[in-house]
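K.L.:
Here's the feature list from TrEMBL:
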TRANSMEM  B:26-59  transmembrane segment
MOD_RES   B:161  FMN phosphoryl threonine
TRANSMEM  B:190-214  transmembrane segment
TRANSMEM  B:221-241  transmembrane segment
TRANSMEM  B:247-266  transmembrane segment
TRANSMEM  B:278-297  transmembrane segment
TRANSMEM  B:303-321  transmembrane segment
């Protein structure tokens, strides 16, 4: 019996249509738009001016505080604009626009890095380099990695868990990366084990990626500290609390972090970025993005430079098919719908999903028939129907005492609701207000 | 592009399950039992079911259109189920005007007065049935025999249901051995040739539908299995102690609407608890009250009353038997 988390979860159609498509390098865009807030925390501080010439990999915005991250130029070129531009969030954010220098060969050469397995840096230097090269969590949360690795003294850690679950339907970026960069990821794991003084690491991969499981098992045969855990396919296993529960049987306490049970979780993409930063001095300025959709002509996975406009990606796979109704940044369960295709890819963009008319339309919300499906599938043991009602009626204190803040917004409740009730919409709304009430109290 | 790109919050996909599909699955599951009722009672079962269904739909329509002035939702399948289940809980040959009264009470009082689908506390069909039972006890316990010819109207002649016979017999000091001589055989009860409401005839047909509901994941095993097991254990204890004064668990389960109640009435989503834990408590409650009514009360059956009584406790059960919140136990198990 494969491991999984015990409570809740759903099995949406996987639709991993791009899982056999190797990662292709995306054409270098003529123009990149680089937001200075691509991570959770304080936006970076811009250190270039309009008309400045920048080199590839040059720091263009410096970490703006403790929880912040450096931003590097993904291309060599000229800064043409520093302005408020709409980004993936749908809001205007400060961005640096750089025109790619078409004559600069550095922009187009495809450097082949040879595998470096020996880790020369000491733990402190490793964390410093991760910080210098702007590595953030690539699983979606984009939390600056060096902050995560800066574990307070006295916190005992015994496991590093590598999240290769990719439980979102459609997305295959992590899957492809695991297949194509297996050895590099294993070195990356060792780097983090060294930095954190952890002896044991487990790579969690869902069983719909048997090839990746096999490859990792083979390459870690002689690594006593690194294990591969094949997991049952169940959404949202990529949620870190669910993953820690699935692999180690440890339950992260309510409102707590994996650190509280001696575990640190990192996404495979992040591990690869760590490897490149530490072993090759390469800043995080590109990532793997799955561009997919059922009606897409040529869906695939790409290495994409940060700042590349979404429309370039869409053009690369053959343009928007007829009847497109929705564009999603990320997967269908937790991704964010976007409207403007000029917005750039950022460090947190794992996929661009194109959804057609038939799939996009939401059913009309009907009365709750109290079937309890939402309660059954909630991986956090919440009662979504109740939380929705409380949010709708403005009973925020009660919602708070019913643990609304522990909702991970996985969307399983809305997915299963036979009455098409907008459960998660209301829960999000309630969470926002509860958060405001809590901050105003303090 | 013909249509503009739309924006909405995640998730962007939905399981294909809809309330309507859930309701129609229940209707499909009831077909075998309906066929058996047609076989046993002929055209009178058809009339009874048709009148109950049509009147339930009509009353819901009229109430929504003229009283509530709200959206008409008679197509959602819920009133259809209420109609079928009400009919299934009535004896063949009941006067039509009584069926109409039952439908009006079921839909009007049992469902719409609470706010319609999803808001009612009590199972609407049972509200209608129990209203009729306490208002017209004579007609409601006049059980016709099976018809020889399926096109003839059932005669309202014979006496009682198996449980009715037992209750009466025991009251007059008879022993189970003597009473059993007049009872239909276990096989007859299982297949469907015994007295009773039209839908509770055949345990086999009801179980078939029940299995369909389980397979389609419309219901889970928790409520039906717990009800039946608890009833079997409780009646079994009495039967083992004194088999001459108490009927066997098999008779209790195969008759008196136990299976109809356990699979179709108690599992009504609206009026049953949300969590698995709550469902178990709910089911045990129904079984205990049913057995108490049957063994010590005035009524030979009692499933309807038991379900309605426990329906009232469902909000309380939902409040006290919540799912365990993730991370609420800070006991970490090191593997």
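Using N, Cα and C of the backbone, Cβ positions are placed for all residues, glycine too.
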K.L.:
Given the transmembrane segment (B:278-297), which of the listed stretches B:26-59, B:221-241, B:247-266, B:303-321 has the most Cβ pairs that are under 8 Å apart from it?
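P.N.:
Counting Cβ pairs under 8 Å, the winner is B:221-241.
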K.L.:
Quickly jot the same-chain residues contacting the transmembrane segment (B:221-241) by Cβ under 8 Å, restricted to those at least six beyond its ends, or write none.
P.N.:
210, 214, 247-249, 252-253, 258-259, 261-263, 266-267, 272, 276, 279-280, 282-284, 286-288, 290-291, 294-295
K.L.:
Under an 8 Å Cβ to Cβ limit, what residues of the same chain, 6 or more beyond the ends of the transmembrane segment (B:26-59), are close to it?
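P.N.:
Residues 74, 77, 79-88, 90, 92-94, 96, 99-100, 102-104, 106-108, 144, 146-147, 149-154, 192-193, 198-199, 201-202, 205-206, 208-210, 212-213, 218, 260, 264.
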K.L.:
Residue B:161 (FMN phosphoryl threonine) has how many other Cβ neighbours within 10 Å of its own Cβ?
P.N.:
24
